[in-house]
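Participant: This is the structure, below, for whatever I ask next.
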Amino acid sequence: MSSSCWLLLSLVAVATAQSLIEEKAESFLNKFNQEAEDLSYQSSLASWNYNTNITEENAQKMNEAAAKWSAFYEEQSKIAQNFSLQEIQNATIKRQLKALQQSGSSALSPDKNKQLNTILNTMSTIYSTGKVCNSMNPQECFLLEPGLDEIMATSTDYNRRLWAWEGWRAEVGKQLRPLYEEYVVLKNEMARANNYEDYGDYWRGDYEAEGVEGYNYNRNQLIEDVENTFKEIKPLYEQLHAYVRTKLMEVYPSYISPTGCLPAHLLGDMWGRFWTNLYPLTTPFLQKPNIDVTDAMVNQSWDAERIFKEAEKFFVSVGLPQMTPGFWTNSMLTEPGDDRKVVCHPTAWDLGHGDFRIKMCTKVTMDNFLTAHHEMGHIQYDMAYAKQPFLLRNGANEGFHEAVGEIMSLSAATPKHLKSIGLLPSNFQEDNETEINFLLKQALTIVGTLPFTYMLEKWRWMVFQDKIPREQWTKKWWEMKREIVGVVEPLPHDETYCDPASLFHVSNDYSFIRYYTRTIYQFQFQEALCQAAKHDGPLHKCDISNSTEAGQKLLNMLSLGNSGPWTLALENVVGSRNMDVKPLLNYFQPLFVWLKEQNRNSTVGWSTDWSPYADQSIKVRISLKSALGKNAYEWTDNEMYLFRSSVAYAMREYFSREKNQTVPFGEADVWVSDLKPRVSFNFFVTSPKNVSDIIPRSEVEEAIRMSRGRINDIFGLNDNSLEFLGIYPTLKPPYEPPVTIWLIIFGVVMGTVVVGIVILIVTGIKGRKKKNETKREENPYDSMDIGKGESNAGFQNSDDAQTSF
């Protein structure tokens, strides 16, 4: 037999073997898909029941269902790992096997997996049920929704906002801190068991694209793309930041620096994530009709169902399907009125078996109107790829899923669309001023959130990479917040806080960079769909409603799910494989030009040195080694606790003696910032009754003077080694300048007199006697009998007059 025949037979044998392997893999996946859909549905349903009725019983049922799903998935993942991907040529089979070979949290031991689930459930419960109570009326308590969110959305009372902001972080963030520390350790262990460097790397793996030549994308490219696009966006953000700062100075004139960062609690919501609610305070042209149509919705008696029905009409108008009957039956579109505790944060659910739902405590506002479009966009994506195999039912990447609803929101927010549904009057006329009003409102929501999103995820990536030590998490959080976002903490926080976890997405284990990438994608999609809709004019005026051409182009992409690389899906819609920020910048170009003109006499950018509490802070310097030598002790958290307690004692004494008031100051009312290793720091004091009431620095100084000796004794130091800068030491007279004007005049007069006396008696008095006589003239205490000595009580050791602390 010739060599060519042997070669042909070999190729046939290889092809046959390969075909058998693929048939076996396909059979395995078909069986998996059927079983997975049933178990996944049961787990998702139990999770839905818990999120819409938070009880111990429902938590237990959710954990049991999740454990069954996890055990099944772990078993199937191990079987999938027996298939060599190199032997699989069918792209669809290969993609499913690769996904299944990633075992997720099942890679942990059963005990650690159970521990992780318990931590996640506990964090979710703390977040969803956390309350902030009024210290003056402990029965008056506020949930986040409804309650605190309303204060942060509408109040212009600086102190009330600060009370809500601090209360949420003190009550919820502090509880989450130890749990979040465990969460980071376990999630990193899980990620490394799945061959990722850390959990941040695991999240970025969602953006990997491979298998199709020219469309590859690795997870490290995501970091580069985010960094580069942020540099392009930053000039627009800086202009917006400067404009908002100027406007907030008009509302809070005593609390804003014209060159500094913005206080975090003044930015429209609990986190400063979206600045949408700042629009009433920052509207450029107030004489124009209000493009926030909340009042019109209320006046027309809109309710939650009307909001979602209107969103559905939008999707149907571009050729996408209606919601299923089960959607309207099973969704939770308003907060229950039966005292159930629920997770109000808006989310879209694809439970499986064609069961699609939305959970949202809808309010009749324009913001919620747009949120409804966003959440229904998720459902449209879910329905579009429902026919894909179970493992490919997902967005091309996580940012795509978030972008779909945002595309519709861009159109739904336009004055043109709002007029068409009767929320703006038919005689509403668009001009340059209404255009700027509209674009500013859009920018407060879209541009204002980008640095927030970028910075939060960068911080988490660094935490997962162990680049930020655990004992510096909060410190680094606020350093990055100041530097990147231009936002400052209104009160200093130590490492007992977990401010990042006070946001739903952090405490509930969501990747967050999706909200950054989605913003880039949504404008790329919008530009392409507007071209399909044959829109003529600026991008910000485009409304794609009623364009089935645009809808079909979008649907073609949605139906792919995760069956191919996202770079290919992006190219199919926009003609490019890469994230591109230019459509976003083009959308806001008229606003950018206007902002630069408005800010021509203002500082653009920010200094990171200023803080709202700086003026009332006192600086402390402590010199342990120079004072105690070999006996010097280390300045630890315990020493700082003792210092804060001693200041609280001084405040109690001061208010008791000087004001005849009993005020229960505690160490928690003494706030420390800018702690340096050598040791120095700043501190100020707030009222125990109201954290937003900062005690004037002058009163704190008086309290320190009154108890200075006691404080020194506590630490074994003195006025020179425990320095309160700006407070004169109390164990010696206050410092006075050596030369003053009155003393100069007095000296001239006395000098003339002395000269006359000297001339008269110079021949009879010796030089030394003359010198002593001159000193006597200048010494008001010369009459005292120094030999006896007189005790000055003001210079006695404080221990003689007071008991030790």
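In case you wondered, yes, glycine gets a Cβ from its N, Cα and C as well.
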Participant: Let me know which member of Glu335, Glu402 Swiss-Prot also records as binding Zn(2+) at the site of His374, His378.
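Facilitator: Of Glu335, Glu402, Glu402 joins His374, His378 in the Zn(2+) site that Swiss-Prot records.
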Participant: May I ask you to find which of Tyr497, Tyr515, Tyr516 Swiss-Prot records for the substrate site already listed with Arg273, His345, Pro346?
Facilitator: Tyr515
Participant: Between Cys261, Cys344, which residue forms the disulfide that Swiss-Prot gives for Cys361?
Facilitator: Cys344
Participant: Can you sort out which of Cys498, Cys530 is the disulfide partner Swiss-Prot gives for Cys542?
Facilitator: Cys530
Participant: Here are some binding-site residues: His345, His374. Which one has the most Cβ atoms within 10 Å of its Cβ?
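Facilitator: Top count of Cβ atoms within 10 Å goes to His374.
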Participant: At the level of the C-alpha atoms, what whole-angstrom distance separates Glu402 (Zn(2+) binding site) and Lys481 (chloride binding site)?
Facilitator: 24
Participant: Tell me which of the binding-site residues Arg273, His378, Lys481 sits in the most Cβ-dense spot, judged by other Cβ atoms within 10 Å.
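Facilitator: Selected residue: Lys481.
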Participant: If you draw a 10 Å sphere around the Cβ of Pro346 (substrate binding site), how many other Cβ atoms fall inside it, taking every protein chain shown into account?
Facilitator: 18
Participant: Rounded to an integer, what is the Cα-Cα distance in Å between Arg169 (chloride binding site) and Pro346 (substrate binding site)?
Facilitator: 21
Participant: What is the Cβ neighbour count of Arg169 (chloride binding site) at a 10 Å cut-off, with all protein chains included?
Facilitator: 23
Participant: For Tyr515 (substrate binding site), which residues in the same chain are close in space, meaning a Cβ under 8 Å from its Cβ, but six or more apart along the sequence?
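Facilitator: Set apart from Tyr515 (substrate binding site) by at least 6 residues yet with Cβ under 8 Å, we have Glu402, Thr449, Thr453.
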Participant: Quick check for the class: what is the C-alpha distance, in angstrom and rounded, between His378 (Zn(2+) binding site) and His345 (substrate binding site)?
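Facilitator: Per the Cα atoms, His378 (Zn(2+) binding site) and His345 (substrate binding site) stand 15 Å apart.
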Participant: Binding-site residues His374, Trp477, Lys481: which have a Cα within 10 Å of Arg273 (substrate binding site)?
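Facilitator: Of His374, Trp477, Lys481, within range: none.
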Participant: Rounded to a whole number, how many Å is the Cα of Lys481 (chloride binding site) away from the Cα of His374 (Zn(2+) binding site)?
Facilitator: 27
